[in-house]
Amino acid sequence: MSLSSLTLDSNPRFAVGGPYHRRYPPLHHPRSFVSCSAKRPAVSASLSVAADSAATESLGRIGSLSQVSGVLGCQWGDEGKGKLVDILAQHFDIVARCQGGANAGHTIYNSEGKKFALHLVPSGILNEDTTCVIGNGVVVHLPGLFKEIDGLESNGVSCKGRILVSDRAHLLFDFHQEVDGLRESELAKSFIGTTKRGIGPAYSSKVIRNGIRVGDLRHMDTLPQKLDLLLSDAAARFQGFKYTPEMLREEVEAYKRYADRLEPYITDTVHFINDSISQKKKVLVEGGQATMLDIDFGTYPFVTSSSPSAGGICTGLGIAPSVVGDLIGVVKAYTTRVGSGPFPTENLGTGGDLLRLAGQEFGTTTGRPRRCGWLDIVALKFSCQINGFASLNLTKLDVLSDLNEIQLGVAYKRSDGTPVKSFPGDLRLLEELHVEYEVLPGWKSDISSVRNYSDLPKAAQQYVERIEELVGVPIHYIGIGPGRDALIYK
């Protein structure tokens, strides 16, 4: 079965409730049928002119962004934030991570098309003039960080003097990852589906105030006592975790070596960023995960342990709310989720499988297959409300190119037909509600070489503009492929 066969099913298998459908008025234009090909067509003179026009448009769009801007995820992660950050980084002096840890997987491509999968290092690293900051709100796994740096250096990407790690950032140890797995086993039926990268336990250590910070590595005389407290606490909490004196000795010796290597990177990043702002330097904040995984606003407890929404920028970098300007929300043209938790527009049938294959929806961090479904407008409106986005980046529009019809989840209703006005915090309600869908026509043509919005098929434009109309936020960037150049500026 091909993606083109993905049309309305008279009895589709959706994750929750039963869908209602209403058809959006069809387009009155002849539809062109062009077979999609993995090969990029030869660039013609007209395409060259289009590329020049797109370049001019992009400079104007990016140049108008605020001194301190941010790129945040609108859904449950994996929206393609890294690509936009990589593109925008060329116009910013600093790119900063403010929260999360190695559970964030950002995939970017250099000008030669080489793929880089980053987890801790900000996506601006491929731009040689950009300074990359790992802020105080991030939890840092040093073996993982050094592995990323070594991988970048071996591929010709210079990191020396370009990566700054906050002295206030908390360290994530290997035992945090072990404890993360034990915690998931304890949860049994309420399995959250974490990446098991130790993020939750590391933030837990931070909150109960026995965590160890990057700056503590400058005082190796007190590290053994602090590590002993951390490891003893974990052993008392988890029966499956065995703590021995030998483990402590090995960790101390390892972190003595790490401390020496990390020293050139350690910085008071709060001072650095605020001083840079006062010098009129431009700062781009790169969010990890996404709003619907926020510890406060997400589908709790099926969330991450930090704040990937706008509020996390200030607390994770130590900057005032008044200096934060334009925030760009990144949203897929459909919806995906990794791990457990409510997913109102999830398609559990063949349609979800086909979207997964067409979009290559497998996690950057875990490799797990992502759950797939239609774009959830209710969740997107909630995300826009929480963050106050100035604009949106709609990604992976090309994945939908082979569909006859496309659905938008536009409203929620209770089982008795009562409307649900906003994305609810009540998990039981989320499990039981029904989704109302609008059905729009597909465009059935390859859009991967399009670079001007006006050259998109009318049905594709209608899809984009209907999303804008429903959420009330303009879409300024449209992704139509993985490469740097596969972006339309609207």
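Glycine is treated like the rest: Cβ placed from N, Cα and C.
According to Swiss-Prot, the features are:
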{"type": "ACT_SITE", "residues": "ASP78", "note": "active site, proton acceptor"}
{"type": "ACT_SITE", "residues": "HIS106", "note": "active site, proton donor"}
{"type": "BINDING", "residues": "77-83, 105-107, ARG370, 396-398, 479-481", "note": "GTP binding site"}
{"type": "BINDING", "residues": "ASP78, GLU79, GLY80, LYS81, ASN103, ALA104, GLY105, HIS106, THR195, ARG209, GLN289, THR304, ARG368", "note": "IMP binding site"}
{"type": "BINDING", "residues": "ASP78, GLY105", "note": "Mg(2+) binding site"}
{"type": "BINDING", "residues": "THR364, THR365, THR366, GLY367, ARG368, PRO369, ARG370", "note": "substrate binding site"}
{"type": "MOD_RES", "residues": "SER46", "note": "N-acetylserine"}
{"type": "TRANSIT", "residues": "1-45", "note": "transit peptide"}
Report summary line: Fewest C-beta neighbours within 10 angstroms among the binding-site residues GLY80, GLY367 belongs to GLY367
Report task. Name the one residue among GLY105, HIS106, GLY367 whose Cα is closest in three-dimensional space to that of LYS83 (GTP binding site); these are the recorded positions. Result -> HIS106
Query raised in the report: In which DSSP state, out of helix, strand and coil, do we find GLY105 (IMP binding site)?
Result: coil
**Report entry** Spatial neighbours of THR366 (substrate binding site), counting only the binding-site residues GLY77, GLY80, ASN103, GLY105, THR107, GLN289 and Cα distances within 10 Å
**Finding:** ASN103, GLY105
Query raised in the report: Taking DSSP three-state, what's PRO369 (substrate binding site) in: helix, strand or coil?
Result: strand
**Report entry** Which binding-site residues sit within 10 Å of GLY77 (GTP binding site) - Cα, from GLN289, GLY367, ARG368, PRO369
**Finding:** GLN289
